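According to Swiss-Prot, the feature transmembrane segment maps to 33-53, 77-98, 113-133, 178-198, 226-246, 288-308, 320-340, 347-367. The heme b b562 binding site feature in Swiss-Prot is assigned to His83, His182; the stated evidence is similarity to another entry. Feature annotation from Swiss-Prot assigns heme b b566 binding site to His97, His196; the stated evidence is similarity to another entry. What Swiss-Prot lists as ubiquinone binding site is His201.
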Amino acid sequence: MTNTRKQHPLAKIINHSFIDLPAPSNITAWWNFGSLLGLCLTVQIITGLFLAMHYTSDTTTAFSSVTHICRDVNYGWIIRYLHANGASMFFMCLFAHIGRGLYYGSFTFLETWNIGIALLLAVMATAFMGYVLPWGQMSFWGATAITNLLSAIPYMGPTLVEWIWGGFSVDKATLTRFFAFHFILPFIITAMVMIHLLFLHETGSNNPSGLPSDSDKIPFHPYYMIKDLLGLIILLLTLFSLVMFSPDLLGDPDNYTPANPLNTPPHIKPEWYFLFAYAILRSIPNKLGGVLALLSSILILALIPFMHTAKQRSMMFRPLSQCLYWMLVADLLILTWIGGQPVENPFIMIGQVASITYFFIILILMPLTNTLENKLLKW
């Protein structure tokens, strides 16, 4: 009797990707974040779809439509907060996923790594545009401040900003186009995720040792299916606890005030997951320099595979690199804290030191440490 799972053209693809996929036998819980990101994307698309059914992308009614969703729509409040906090969970998983890739040397899968960076940029763009939609104070001023950064581009900057705004300020045209892009981007992200997985399955997964695991593989199902299921339950429990007990913990109180172009909030700041990049942007007094530093802080990830001079792939057996890695994590936490502080001393100085440290660790200390470790191991 033929097995449909292995014969049917569609079932065969699913079978090779999630059931009979040969996976390394020693991958840890750090490898769970890929499937958790898939779950987050699914939650965001489903909740977003239901929100879009009731939301209006007009400056006069956008804020009221969000209030209407929370007050009048059946379980509207839970859908809204699942979507808002789902974005936070998405970024927590994203940062953990990228961190694992850095630690265990997964960036040597160049195609997978590069499409991953493209995915990160797409998710960041989607989250930024989504934050503008409720049309609160922080939505409006965040949109104004961040889109205004493009005016730093020489010659064509100011024209480009007005083109994005669809006028001479952030207004109805801006809100409408942001809603359109925010709606379509998750589907583009889904397509990119499929390409990401396609490239990953060309090489197979990495593992904590960084060594080839062809001699010791196990089927994805049932072993990693059950393992992913545990991660999934933990993530959903965390998300629902956040939504039920403190839904506004990660939000900004200013966004409960309708957008007012005549009144600037005392501190314009983005959501917590952008604060590290925002701190790097603010730490440079020059506008164009700040924009370049902001872009570099993300795009520097693309350089990492080319700066990897170590003979060992993973950091598992490289204590000096491990110390640097955790210094980088601490530095990013400091930058996140600084991004949420007002622009005054000592925060300005701390932000500048942390920004320099960030680039110094990645561009100089890490390659040097890799070479030193090779020497110590007489390689």
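Placement of Cβ uses the backbone N, Cα and C atoms for every residue, glycine included.
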Alpha-carbon distance [His182 (heme b b562 binding site); His97 (heme b b566 binding site)] in Å: 23
Three-state secondary structure, His196 (heme b b566 binding site) (per DSSP): helix
Stretch contact, the transmembrane segment (77-98) with the transmembrane segment (226-246), Cβ-Cβ under 8 Å, 3+ pairs: yes
Among His83, His97, His182, His201 [binding-site residues], residue with fewest other Cβ within 10 Å: His201
Cβ neighbour count within 10 Å of His196 (heme b b566 binding site): 21
Tertiary contacts of the transmembrane segment (178-198), as residues 6+ beyond its ends and Cβ separation under 8 Å: 17, 37-38, 41, 44-45, 48, 52, 55, 57, 112, 115-116, 118-119, 122-123, 125-126, 129-130, 132-133, 143
Top Cβ-contact partner of the transmembrane segment (33-53) among 113-133, 226-246, 288-308, 347-367 (pairs under 8 Å): 226-246
Other parts of the chain folded back onto the transmembrane segment (113-133), taken as Cβ under 8 Å at six or more residues beyond its ends: 55, 57, 62, 66, 87, 90-91, 94, 98, 101, 106-107, 139-140, 142-143, 146, 174-175, 178-179, 181-182, 185-186, 188-189, 192-193, 195-196, 199, 270-271, 273-274, 298-299, 301-302, 304-305
Contact call for the transmembrane segment (288-308) against the transmembrane segment (226-246), three or more Cβ pairs under 8 Å: no
Rounded to the nearest Å - Cα separation of His196 (heme b b566 binding site) and His182 (heme b b562 binding site): 21
Spatial separation of His182 (heme b b562 binding site) from the residue listed as 'ubiquinone binding site' - C-alpha basis, Å: 29
